[in-house]
Amino acid sequence: MTSGSIWKSMVLFAMPIFIGNLFQQMYNTVDSLIVGIYLGSEPLAAVSSSGSLIFMLVGFLSGVASGAGVVVARFFGAQDTRQVKLSVHTTVVFGFVMGVFLTIIGVWLSPVILRWMGTPESVMDNSVAYLRVYFMGSLFSVMYNVFVGILQAVGDSRHPLYYLIISSVVNLVLDIVFISFFHMGVEGAAWATVISQIISMALCLIQLLRTEDSYKITVKELKVDPRILKQIVSMGLPSGVQNSIIGFANVVVQSNVNAFGPMAMAGYGVAAKIEGFGFLPITAFAMALTTFVGQNLGAREYERTKKAATFGIVAAVLLAELIGIIVVVFATPIVSLFDSNPEVVQFGVEKSQVAGFFYCLLAFSHAVAAILRGAGKAFISMMVMIVVWCGIRVSFLSIFVPLTHNIQFVYWVYPLTWGLSSLFFFFYYRSGRWLKGAINN
């Protein structure tokens, strides 16, 4: 990543991530699709509405893990073998502890938060059942993200893709078997997800145990280096807080949707799954940008860093908007795949068509935030997201939804806040302060 063609290096790195994210989204979508087909609208509402709560709790650890990836990428780019080993083993131990903590908190707090969200009683039992099983396996999800973060930080995006494809196929088969044949309901969907995550995590771990490179995991070296841990936390904590704050805002959004009943919950949840596909190129290029910027700054390739950042932003924006247009045009048949109930379809189509045209703004914000993470400026993006994606989003809904009882305000709050964050990121990126600060450091 620190030499050769910029666009070729980034595309070759981002493409497996993109394909992997595609399978990850299909992996997540299959649960809703199978539940909607075999169990109906209310179980679909239960599974769909759980997504915002999962992101709020899991998002924090994913953000902190991204900080670990930046630390590993910097040392790997600088070819500092000893520091790579220390950062990898510190990351694994830290991730394990956080995964155990998430498992306990998730199982314990799920019913409490669901009630705070105003989840209708008709879907409450299914929501609690799904979430408790999911969080019982959340340790494996956290460790999978840790292992993938390490592999991607050193430029290996192929192996995580292969393992994700395998686990996605397993998830699909188990969903059908558990729900259709064993009649396990939403718990069957959750168990299918957990088992699939265990498989993908195990495959990533085997890869890291077998490699002979500097990032090889050795059991006897699994210990925490305080200095490395401090770097990981300082890099990752802003991203973790950012994810949790955004997750909290999304929980507030979901609670507003819940007020419109199970059909709105199901339709909105389907639209959120579809929106996840628009997020695919954004995530792929964001991950590529963070790693690319981190490695090249570590290698002191400053001009190359700047060119790569510009290319990554443009590519993410164009691809996201193309997918957004496709979503807008084909919203009705896509939503109908999940649930043929006309009311559910109406809610899902309205949400998809409002958001689709503005995926370019979402892409721009995430791309610049990824660049800032790679440059060690995650605090800046955290503050923007807290103020705009949480503060303004929650305030907007608190004012307009109670006054109008119109779900359209829930749909439009996302494009509004995407646009505001993009405006700030545009001026900050153009100022060049993100690169100057990294050079000085």
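Along the chain as shown, the residues are counted starting at 1.
Note: Cβ is positioned from N, Cα and C throughout, glycine not excepted.
Just so you know, TrEMBL annotations never went through curation; they're auto-generated.
TrEMBL annotations:
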- 6-23: transmembrane segment (TRANSMEM)
- 53-76: transmembrane segment (TRANSMEM)
- 88-109: transmembrane segment (TRANSMEM)
- 129-154: transmembrane segment (TRANSMEM)
- 161-183: transmembrane segment (TRANSMEM)
- 189-211: transmembrane segment (TRANSMEM)
- 232-257: transmembrane segment (TRANSMEM)
- 277-297: transmembrane segment (TRANSMEM)
- 309-334: transmembrane segment (TRANSMEM)
- 354-372: transmembrane segment (TRANSMEM)
- 379-403: transmembrane segment (TRANSMEM)
- 409-429: transmembrane segment (TRANSMEM)
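Note: the stretches the transmembrane segment (232-257) and the transmembrane segment (53-76) are in contact (3+ CB pairs below 8 A, sequence gap of 6 or more).
Among residues of the same chain six or more beyond the transmembrane segment (88-109), those with a C-beta under 8 A of the stretch's C-beta atoms are 57-58, 61, 64-65, 68, 71-72, 131-132, 134-136, 138-143, 145-147, 149-150, 208, 215-218, 221-225, 228-229, 232. Same-chain residues lying 6+ beyond the ends of the transmembrane segment (309-334) with a Cβ under 8 Å from its Cβ atoms: 6-7, 10-11, 14, 274-275, 277-282, 284-286, 288-289, 292-293, 345, 348-349, 352-353, 355-360, 362-364, 366-368, 370-371, 429. Within its own chain, the transmembrane segment (129-154) has Cβ neighbours under 8 Å at 17, 46-47, 50, 53-54, 57-58, 61-62, 65-66, 68-70, 72-73, 76, 84, 88, 91-92, 95-96, 98-100, 102-103, 105-107, 110, 114, 160, 185-187, 189-191, 193-195, 197-198, 200-201, 204-205, 207-208, 213, 215, 287, 291, 294, counting only residues six or more beyond its boundaries. Highest Cβ pair count under 8 Å relative to the transmembrane segment (53-76), across stretches 6-23, 277-297, 354-372, 379-403: 277-297. With pairs at least 6 apart in sequence, the transmembrane segment (277-297) and the transmembrane segment (189-211) have fewer than 3 Cβ pairs within the 8 Å limit; the two do not touch. Contact count against the transmembrane segment (354-372) (Cβ pairs under 8 Å) is highest for 409-429, out of 6-23, 161-183, 277-297, 379-403, 409-429.
Residues 1-2, 9-10, 13-15, 17-18, 21-22, 25, 66, 69-70, 73-74, 76-77, 152-153, 155, 157, 304-305, 308-309, 312-313, 315-316, 319-320, 323-324, 327, 355-356, 359, 362-363, 366-367, 369-371, 373-376, 438 of the same chain, all 6+ positions outside the transmembrane segment (277-297), place their C-beta atoms under 8 angstroms from a C-beta of that stretch. Here the transmembrane segment (6-23) has long-range neighbours at 152, 155, 157-158, 160-161, 164-165, 168, 277, 279-281, 283-285, 287-289, 291-292, 304, 307-308, 311-312, 315, meaning same-chain residues at least 6 beyond its ends whose C-beta is under 8 angstroms from one of its own.
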